[in-house]
Amino acid sequence: MSFFPKISFQYEVEEYLTKVFRNKELITALGTQEAENKYQSLLSHLSHPPGFTTVRVNTHLASVKYVKKLLFEEIQKQFKGLCVPVLEHPQLQDILLIPVIGPRRDLKKHASEVIVGAQCGYAVLRGAHVYVPGIVSTSGFVKAGDLVSVYSDIEGKCKRGAKEFDGVKVFVGNGISELSRSEIFSSTGPLKGLGIRMIEPVYLSPSFDNVLPSHLFLQNLPSAVVSHILNPQPGEKILDMCAAPGGKTTHLATLMHDQGEVIAMDKIANKVKKIKQNAELLQLNCIKAFCYDGTRALSVEKREDKQEGPPFLPESFDRILLDAPCSGMGQRPNMAYSSTLKEVTSYQPLQRKLFTVAVKLLKPGGVLVYSTCTITLSENEEQVAWALKTFPCLQLHPQEPHIGGEGMKGAGLSLDQLKLLQRFDPSAVTLQGMDINSLQDSREDDLISLANKDCIGFFIAKFIKSNSK
């Protein structure tokens, strides 16, 4: 039940992806028609938001039961008494799931229009209000207090300040303007703050603006799975190689009961600042964040004993998370992917550089978890095949919990190896909407099962290092 058009790609990227999802191994296993159906289904899913909002409870500060109660009350308030459940995930004890209601097809569109940037539009589809920096244009007569219809400029072609826009735009819901057009496009400088308060979004998800900020962390389901798979233990020394904005970093610290050391690295200073802010907000003290390029994190010379930060000596860490920079094609919703083929294919060599450093920094017997939020073979299964060939000391290891699907065929891995991998593939379920009636008729087990599949596209591999050679 597709509400939005399928995600669009640049021509070369589309050709590249078509070959990936029609590779010989896959066609042999599934047949041409089934492989094609799965690929087309994936393209439809990517343009729609996941079917559930996932939040991680900061169990360092409060119990899941306590936060669940507060969150249920908050959602009832936001949804004006509409009874939407808050579900506890049975395999991820710190995760709460909120079903998303929508798409709502009967919303009336208003004469006053507001055009927002694509990223802002996607955020609205996942529960956000519209903030002023996200607004690209408005109708000429918009005043504070007006009912407006909000559209997303998915191709980025609307000129800032325009009074009308006839390009490709996607309706994301209705709201009330908090400001007039002249205030939004004030010449005194960019305004901050709330621009449109959404009252009828196409997809009804709770807003988390200032909602239990030290108790909750908004996180995609597979992103939360990663930290459980790494399974850090109190007192260990952990490295999060590409850590910003700190969701997984803070999760690792929480799972360790804030005992031990979590080193977080990112090469962009503003992102490192965000990691530190998140650690402070969640009251986690074992995190040390550094602005550093992960490809250079291995020290070739002896370190001073008092040196805390990178570069590090070989075999310094008990466990390493490499949530690698990637092409990001698994993110949802995304209706128009703008990267070129050159950009898409640039990630594999970078990931291999980071992976090589990670292997050298890991202690014998240590755990390395590699993950991406993309759907390509080259950044996922091909990287696993390369790693196993390049580093004889690495062994693929079973993942716990294993709630996604197995790896995708096409990289020459055996069936047993594919079963050890975890690929979250949104096309694994039929694209379906959720209304309040179907929600109330659904069993909790069925909703959990749906949440495990109807999420972003994601990939996880877990390795254990057997020796120091």
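Each Cβ is built from the backbone N, Cα and C atoms, and glycine gets one as well.
According to TrEMBL:
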- 141-466: domain 'SAM-dependent MTase RsmB/NOP-type' (DOMAIN)
- C242, A243, A244, P245, G246, G247, K248, D266, D293, D323: S-adenosyl-L-methionine binding site (BINDING)
- C373: active site, nucleophile (ACT_SITE)
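On a Cα basis, C373 (active site, nucleophile) lies 13 Å away from C242 (S-adenosyl-L-methionine binding site).
The residue listed as 'active site, nucleophile' and K248 (S-adenosyl-L-methionine binding site) are 13 Å apart (CA-CA, integer value).
For C373 (active site, nucleophile), the same-chain residues that are 6 or more apart in sequence and have a Cβ closer than 8 Å to its Cβ are N220, P222, S223, C326, G328, G330, Q331, I456, G457, F458, F459. Averaged over the domain 'SAM-dependent MTase RsmB/NOP-type' (141-466), the predicted model reaches a pLDDT of 95. For the S-adenosyl-L-methionine site listed in the record, the two most distant Cα atoms among C242, A243, A244, P245, G246, G247, K248, D266, D293, D323 lie 19 Å apart. Once Cβ contacts within 10 Å are tallied over all protein chains shown, the binding-site residues C242, K248, D293 are led by K248. Residues within less than 8 Å, Cβ to Cβ, of G246 (S-adenosyl-L-methionine binding site) and separated from it by at least 6 positions along the same chain comprise A264, K274, I275, K276, Q277, N278, A279, I287, A289.
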